[in-house]
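Visitor: Straight out of TrEMBL:
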BINDING   Asp55, Thr68, Asp104  Mg(2+) 4 binding site
BINDING   Asp55, Asp104, Asp253  Mg(2+) 3 binding site
BINDING   Asp70, Asp155  Mg(2+) 1 binding site
BINDING   Asp70, Asp104  Mg(2+) 2 binding site
BINDING   Asp77, Glu307, Phe364  substrate binding site
BINDING   Gly154, Asp155, Arg181, Ser255  ATP binding site
BINDING   Asp256  Mg(2+) 5 binding site
DOMAIN    53-171  domain 'PurM-like N-terminal'
Amino acid sequence: MGTVSGMGERAIIASITEAFGSASASEASHPKAGTGGADGLAQVLSRVVVANGDDAAVVAANARMVFTMDTSVEGQDFMLTWPSGAKTDARLLGFKCAAQNLSDINAMGARTRYLLVSLSFPGDIEETWPAEFAAGMRQACDELGAPGAELIGGDVSAAESVAVSITAIGELGADSTPLVRSAAQPGDGVYLAGRIPGISGTALNELLSPQVGGLRASEAEPQRALAAHFVPAPPLAVGPALAAREHRIASIDTSDGVVRDATRIAQASDVAVALDEAVINSFAAQLAESWNLTAQEARHNVLYGGEDFNLLFTLPAGAEAPSIDGVAIRRIGTVEQLSQPDTRSGTEPGAYIAGRRLDETLGFDHYSGV
Ligand SMILES: Nc1ncnc2c1ncn2[C@@H]1O[C@H](COP(=O)(O)OP(=O)(O)OP(=O)(O)O)[C@@H](O)[C@H]1O
Ligand SMILES: Cc1ncc(C[n+]2csc(CCOP(=O)(O)O)c2C)c(N)n1
Ligand SMILES: [Mg+2]
């Protein structure tokens, strides 16, 4: 098979836009405002006026639009060939890079409508690589619940290694409130929607474990680790459903680990997030069982493993957690006031378990120096 070298930018871009295709059915076929259900499901308040292919795209909007971007760099955020020997194909990478942007839009309570993607890669990658990457992005949008997302622009450039930067633009429902990190108050319940935390981090550890003659799980099951890490399940129905509620709700997606992201809510809201030890232990037991970890490893990964892209949110006491088909939503703790004699939390905003402050620096940070 040939490489991208000699294809020319024009043909590469055409292969990307063709592979991403146009938005699939559900949302696109209900383009009028107000046609959605109570959670604003099919509500579409903006439209493309000048599509991909010109100097820039033009969108007409009659809504509050939500913007985010995320960059993934080979060696820092993924490897094409892992120390375990597993290989990341373009489709998997496209899926994950799209999913992490869809997750940030979800964490604000919005639905992703538009994507822009900047791709840099060496000339010797296969000519089908950019299109496969775009097909992975499309798959993430369709399977995770953003079927109306359109690719309105991007860029391609050559580089010695692969780097991806995606911008996602979402739309907030007409009667929705953005889900900010600073809205938590003492007494609120803390909830987690999505998979058991720690799955992605556990799979990452497997991918990063060097092959050593023996029987590593990553050798036996590289596909399992690749899927667990590269196919996250951000619960895209939950953010918009929460934002459509009357309640005061804080939310964040768990990209850097439960503790680090809970700490971000705690700091933005000036509160303590007290995690329920029994719930954390039960997550750890399930993770230990399915990934053959020690209890200690499992607990560490539940608390500090990154890139699960679950939704961590608060609800005022008495407010019922939403019930959404196919999504596990569990109460994992309580928001507490800082340094009150009747609570076991400390004086510093942060995440706590049984009165002990959890060290958020154990979560992921590109520049932590470890
Ligand atoms: N280079 C930058 N210039 C301007 N703002 C930035 C830059 N890098 C990050 N930010 C902003 O800093 C804020 C905090 O970033 P943080 O990493 O906590 O959140 P995030 O973008 O949700 O992370 P994640 O991608 O892990 O979900 C975000 O609002 C982000 O847009
Ligand atoms: C090779 C390799 N090394 C380390 C990691 C771990 N990692 C990278 S980015 C990130 C958090 C989210 O990033 P951001 O905050 O930029 O969205 C985590 C936990 C990885 N995936 N691959
Ligand atoms: Mg985020």
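Cβ atoms here come from the backbone N, Cα and C positions, even for glycine.
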Visitor: Test of understanding: give the count of other CB atoms lying within 10 angstroms of the CB of Asp155 (Mg(2+) 1 binding site).
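Guide: The answer is 12.
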Visitor: Around Asp104 (Mg(2+) 4 binding site), which residues of its chain at least 6 apart sit with Cβ under 8 Å of its Cβ?
Guide: Thr68, Asp70, Ala168, Asp253, Ser255
Visitor: Quiz question: given the binding-site residues Asp55, Asp70, Asp253, Glu307, which has the greatest number of C-beta atoms lying within 10 angstroms of its own C-beta?
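Guide: Of the binding-site residues Asp55, Asp70, Asp253, Glu307, the most buried by Cβ count within 10 Å is Asp253.
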Visitor: Say we define neighbours as other CB atoms within 10 Å of the CB. Which of the binding-site residues Asp77, Asp256 has the fewest?
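Guide: Relative to the other binding-site residues in Asp77, Asp256, Asp77 has the fewest Cβ atoms within 10 Å.
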Visitor: Filter the binding-site residues Asp55, Gly154, Asp155, Arg181, Asp256 down to the ones within 10 angstroms of Glu307 (substrate binding site), Cα to Cα, kept in sequence order.
Guide: Asp256
Visitor: Provide the number of Cβ atoms within 10 Å of the Cβ of Thr68 (Mg(2+) 4 binding site), excluding the reference atom itself.
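Guide: The answer is 19.
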Visitor: I want to check the contact list for Arg181 (ATP binding site): same chain, sequence separation of six or more, C-beta distance under 8 angstroms. What comes out?
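Guide: Arg181 (ATP binding site) has long-range Cβ partners Ala250, Ser251, Ile252, Arg264, Ile265, Ala268, Ser269.
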Visitor: Taking the centroid of the Cβ atoms of Asp77, Glu307, Phe364 as the substrate site, which other residues of that chain lie with their Cβ within 8 Å of it, listed in sequence order?
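Guide: Filtered neighbour residues, in order: Leu204, Ser255, Asp256, Gly306.
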Visitor: Take the C-alpha atoms of Phe364 (substrate binding site) and Gly154 (ATP binding site) and report the distance between them in angstrom, rounded.
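Guide: Phe364 (substrate binding site) and Gly154 (ATP binding site) have their Cα atoms 28 Å apart.
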Visitor: Around ligand 1, within a Cβ distance of under 6 Å, which of the binding-site residues Asp70, Asp77, Asp104, Asp155 show up?
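Guide: The qualifying binding-site residues are Asp70, Asp104.
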Visitor: May I ask which of the binding-site residues Asp77, Asp155, Asp256 is closest to Asp55 (Mg(2+) 4 binding site) if we compare their C-alpha atoms?
Guide: Asp155
Visitor: C-alpha of Gly154 (ATP binding site) to C-alpha of Asp256 (Mg(2+) 5 binding site): distance in Å?
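Guide: So the alpha carbons of Gly154 (ATP binding site) and Asp256 (Mg(2+) 5 binding site) sit roughly 26 Å from each other.
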Visitor: Of the binding-site residues Asp70, Asp77, Asp253, Asp256, Glu307, which ones put their CB under 6 Å from ligand 2?
Guide: Asp70, Asp77, Asp256, Glu307
Visitor: Could you state the whole-number distance in Å separating the C-alpha atoms of Asp155 (Mg(2+) 1 binding site) and Asp77 (substrate binding site)?
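Guide: About 20 Å separates the two Cα atoms.
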